[in-house]
């Protein structure tokens, strides 16, 4: 199966609402690896790798979770998988 990388920048009131922790918990339901972190500009960056159908399902799960009400916008960038991740984690650096 072809693996892809999905980078998503979420905007809105996405920091201080448990976004990273919820995204990490949701990632366990899907065959995805990568990370989620807060950015200094108030957005949240999510980088996930896996089969495209799994990535799309993961993104839908985030949007339909309690986080959906905090998301005002998102930018999705697709690319090839790098295979650099072994699991999905929260990063505490800020980009």
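Every residue, even glycine, has its Cβ placed from backbone N, Cα and C.
Feature annotations, courtesy of TrEMBL:
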{"type": "DOMAIN", "residues": "5-92", "note": "domain 'Acylphosphatase-like'"}
{"type": "ACT_SITE", "residues": "20", "note": "active site"}
{"type": "ACT_SITE", "residues": "38", "note": "active site"}
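In this structure, the C-alpha atom of residue 20 (active site) lies 8 angstrom from that of residue 38 (active site). Broken down with DSSP, the domain 'Acylphosphatase-like' (5-92) shows 27 helix, 35 strand, 26 coil.
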